[in-house]
Amino acid sequence: MCHVIVTCRSMLWTLLSIMVAFAELIAFMSADWLIGKAKSLSSEDVDSRTGGSQEPYRPTLGIYGRCTRISHMQISRRDMLCGPYAENFNEIASGFWQATAIFLAMGIMILCAVAFVSVFTMCVQSIMKKSIFNVCGLLQGIAGLFLILGLILYPAGWGCQKAISYCGHYASAYKLGDCSLGWAFYTAIGGTVLTFICAVFSAQAEIATSSDKVQEEIEEGKNLICLL
């Protein structure tokens, strides 16, 4: 018989697992990993309606995508053209970034799978006599290791020609040059930290759903068990 068990710790772990998966996915897809050096449009590209001047803008570069200004448009964030610069995996600017993409993709796939399974932990607490929380926590730990590898390799690709065109000639492996780090990089780091927190916290979710109070309510014949 299926017993729906909801506790504060198990619900918090589920919400964190879903949030981490979405955060890492959004960061991976974003082009805001590197914020390039300030650029200005050439005088012939300046629209006469702007009064003959435009403020410099800063293009952004991601693992496989980029955002840049369309020369004939008015100055606005809406005028930034964003999309993949690489049409296939082999066109990613650096071998290090290709490795980063692989490790991050593997980690994110695991996190998304765990996030999907976590929704059903209210009803299913074990698989083949193994705690589903412990299994998911182990998978989150493995995903965290993949994410760390990807984030360590990513700065090694700052010396590629694509990054140099955005960050200047002083850019090299682990040196930003004229660039700065964008929100996507920090989001990926924060998501990685939360991934390990989720992995550790999964043990608390297991303890909460198998406590004596839960067992007592199961023995009383209750199918819906909510414990604060």
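Backbone N, Cα and C define each Cβ position, glycine as well.
According to TrEMBL, the transmembrane segment annotation covers 12-35 (among others).
What TrEMBL lists as transmembrane segment is 96-120 (among others).
As annotated by TrEMBL, transmembrane segment applies to 132-154 (among others). Tertiary proximity for the transmembrane segment (132-154) is limited to same-chain residues at least six positions away from its ends with a CB under 8 Å from its CB atoms, namely 10, 13, 17, 24, 33, 63, 96-97, 99-104, 106-108, 110-111, 113-114, 117-118, 121, 124-126, 185, 188-189, 191-192, 195-196, 198-203, 205-206, 209.
Counting only same-chain residues 6+ beyond the ends of the transmembrane segment (183-203), those with a CB under 8 A from a CB of the stretch are 9, 12-13, 16-17, 19-20, 23-24, 26-28, 30-34, 62, 104, 107, 111, 133-134, 136-138, 140-141, 143-144, 147-148, 150-151, 154. Look at TrEMBL and you will find 183-203 (among others) tagged as transmembrane segment.
Away from its own ends, the transmembrane segment (12-35) comes close to residues 58, 60-63, 65-67, 82, 101, 104-105, 107-108, 111-112, 114-115, 118-119, 121-122, 133, 136, 140, 147, 154, 158, 163, 166-167, 176, 179-185, 187-188, 190-192, 194-195, 197-198, 201-202, 204-205 of its chain (Cβ-Cβ under 8 Å, at least six residues beyond either end).
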